[in-house]
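Pulled from Swiss-Prot:
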- CYS13-CYS115: disulfide bond (DISULFID)
- 81-97: motif 'Involved in PIP2 interaction' (MOTIF)
- THR111: phosphothreonine (MOD_RES)
Amino acid sequence: MSWQAYVDEHLMCEIEGHHLTSAAIVGHDGAVWAQSTAFPQFKTEEMTNIMKDFDEPGFLAPTGLFLGPTKYMVIQGEPGAVIRGKKGSGGITVKKTGQALVIGIYDEPMTPGQCNMVVERLGDYLLEQGM
């Protein structure tokens with residue numbers, strides 16, 4: 001299965017009539033492996049800061065998580081494994097695997113829990129596959 005198929009079929013799938021706004025699978029180096037059409041353009045520095053928060057949990061808390069034009073307030077995640085952010089009625093979930101970051105961005109009517117489930121389920125699967 002191609003990386004694009006993982007994004008299209010596993011991240012952008014419909015859940016209870018809703019789906020993510022955008023999603024991507026990005027290497028630890030910031031290289032995009034696959035993304036949905038609406039995924040924001042981001043700076044390498046933004047991916048570097050996300051990776052730093054996985055190594056040093058809490059790194060992003062004072063400044064927020066920036067991805068493209070959006071700043072998310074970092075909320076409770078799982079240190080070293082999952083970063084979650086909130087902005088208004090939407091947010092972001094980032095799951096770290098051995099080689100990649102699985103990223104999902106949502107807005108209402110999708111809920112934070114639905115986003116977490118979709119992103120973390122694929123991330124856990126990739127971890128099980130040695131990715």
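Placement of Cβ uses the backbone N, Cα and C atoms for every residue, glycine included.
Positions of Swiss-Prot features highlighted on the structure.
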residue	record	CB count, 10 Å
CYS13	disulfide bond	13
THR111	phosphothreonine	15
CYS115	disulfide bond	26
Whole-number Å value for how far CYS13 (disulfide bond) lies from THR111 (phosphothreonine) (Cα to Cα): 14
Average model confidence [pLDDT] within the motif 'Involved in PIP2 interaction' (81-97): 98
Secondary structure composition of the motif 'Involved in PIP2 interaction' (81-97) [DSSP: H/G/I, E/B, coil]: 0 helix, 13 strand, 4 coil
